[in-house]
Amino acid sequence: MSSVPAPREYFLDSIRAWLMLLGIPFHISLIYSTHSWHVNSATPSWWLTLFNDFIHAFRMQVFFVISGYFSYMLFLRYPLKRWWKVRVERVGIPMLTAIPLLTLPQFILLQYVKEKTENWPTLSAYEKYNTLAWELISHLWFLLVLVILTTVSIGIFTWFQKRQETSKPRPAAISLVRLSLIFFLLGMAYAAIRRIIFIVYPAILSDGMFNFIVMQTLFYVPFFILGALAFIHPDLKARFTTPSRGCTLGAAVAFIAYLLNQRYGSGDAWMYETESVITMVMGLWMVNVVFSLGHRLLNFQSARVTYFVNASLFIYLVHHPLTLFFGAYITPHISSNLIGFLCGLIFVMGIALILYEIHLRIPLLKFLFSGKPPVKQESRAAIG
């Protein structure tokens, strides 16, 4: 445990918040894309589909690198049990709160919008369970994965810490080229695991909890660990915060490959396995692109940025049902996809900010949506 706090990483705080808020245009553009979703516009937009695909191809990979970075930073600051408790509470409590308050009403709304209420009694017990797993976890899946990664990383982080204490500090002798090869092989390994499961027991890939707990965790654990390693080795972090033309070009080529796979791939063939390899390496390269841009443009303290950093999780949690409501009841009345997209951003962001301000004034809701216990008056006085 370290009593010396690490310097504030303003650009990482900002990037994490903007990646979270990017979920709003991502889901609104999904309404107007060629991808089949809960709600879709009458005519899809090719440029909103392209925009949606671009966000989807890298956003969460970069997010989990930042999560791993901050998780290990806090691991060094707190005793093990307290670290695990704090980390799990910060993500677990908002997730458990959002299920009855957000995703359950969202599920009921979709049952009526898609006229599936009459079919519900005819479903088997497993079909009901699996439907609820997909619909109630919904956009909260990354919080569940963070709880799992926090628990799994106890042993890994402990090993990292012991190595730091017993070994002499030395640079992380690994180039971006070598990292790219490692992540390519990790993508191949993930693809092989998925293909084996597809051959042996394909039905399990449609199981919601298996997808969230096993498949998503397996895919994102390398990025989470990479974030921790970036904290341990400043020279590794410097590789990500220094612009790399190779990473930028590589990410562009990978995105083109991603689009071609989406266009010509088949789910019954190798489409998903190919996508996992592409998004694994593209995610790594986009860490460099996003970190270097963020380090140059966002590495400063600002009251406005701090506001959105603090608000980003709440806004992300509430934006999904608001987006679906907009798509179901307002989108059909707007003929222009561009105007509909812009109206959706204003509608969702505006209501989300109002709800955020309301919840700040209700201590119970503030705790439930942040996982942070209220600060005692004595503590405030001591700090101030």
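Cβ from N, Cα, C; glycine included.
Here Swiss-Prot flags 17-37 (among others) as transmembrane segment. Residues 44-46, 48-49, 51-53, 55-56, 59-60, 62-63, 66, 139, 290, 305, 308-309, 312-313, 315-316, 319-320, 323, 326-327, 331, 337, 340-341, 344-345, 348-349, 352 of the same chain sit 6 or more residues outside the transmembrane segment (17-37) yet have a Cβ under 8 Å from a Cβ within it.
Taken from Swiss-Prot, the feature transmembrane segment applies to 54-74 (among others), supported by sequence analysis.
According to Swiss-Prot, the feature transmembrane segment maps to 91-111 (among others), an assignment based on sequence analysis.
If you look up Swiss-Prot, you'll see 140-160 (among others) marked as transmembrane segment. Sequence-distant contacts of the transmembrane segment (140-160) (same chain, at least 6 residues past either end, Cβ-Cβ under 8 Å): 60, 63-64, 67-68, 71-72, 75, 80, 84, 87-88, 91-92, 94-95, 98-99, 103, 212-213, 216-217, 220-221, 224-225, 228-229, 232, 317.
Positions annotated as transmembrane segment by Swiss-Prot: 173-193 (among others).
As annotated by Swiss-Prot, transmembrane segment applies to 212-232 (among others). Beyond the transmembrane segment (212-232), the same-chain residues lying 6 or more positions past its ends with a Cβ under 8 Å from any Cβ of the stretch are 60-62, 64-73, 133, 137, 141-142, 144-145, 148-149, 152-153, 156-157, 160, 164, 172, 183, 186, 190, 193-194, 205, 240, 276, 280, 283-284, 287.
Here the transmembrane segment (240-260) has long-range neighbours at 50, 53-54, 57-58, 176-177, 180, 230, 275, 278-279, 281-282, 284-289, 291-293, 295, meaning same-chain residues at least 6 beyond its ends whose C-beta is under 8 angstroms from one of its own. Summarising the annotation, Swiss-Prot assigns transmembrane segment to 240-260 (among others) and lists sequence analysis as the type of evidence.
Same-chain residues lying 6 or more positions outside the transmembrane segment (274-294) and placing a CB less than 8 Å from one of its CB atoms are 11-12, 14-15, 19, 57-58, 60-62, 65, 176, 179-180, 183-184, 186-188, 190-191, 194, 219, 222-223, 226, 237, 239-244, 247-248, 250-251, 254-255, 257-258, 261-262, 265. Under the heading transmembrane segment, Swiss-Prot lists 274-294 (among others), citing sequence analysis as support.
If you look at the transmembrane segment (311-331), the same-chain residues 6 or more away from its ends with a CB under 8 A from one of its CBs are 16-18, 20-21, 23-24, 27-28, 31, 37-41, 94, 98, 102-103, 105-106, 109-110, 113, 138-140, 340, 343-344, 347-349, 351-353, 355-356, 359, 369-370. Taken from Swiss-Prot, the feature transmembrane segment covers 311-331 (among others).
The transmembrane segment annotation in Swiss-Prot covers 338-358 (among others).
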Same-chain residue ranges lying at least 6 outside the transmembrane segment (338-358) that approach it to Cβ under 8 Å: 24-25, 28-29, 31-32, 41, 45, 48, 311, 314-315, 318-319, 322-323, 326-327, 330-331, 365
Residues from the same chain, set at least six apart from the ends of the transmembrane segment (91-111), whose C-beta lies under 8 A from its own: 38, 117, 120, 132, 135-140, 143-144, 146-147, 150, 313, 317-318, 320-321, 324-325, 328, 367-371
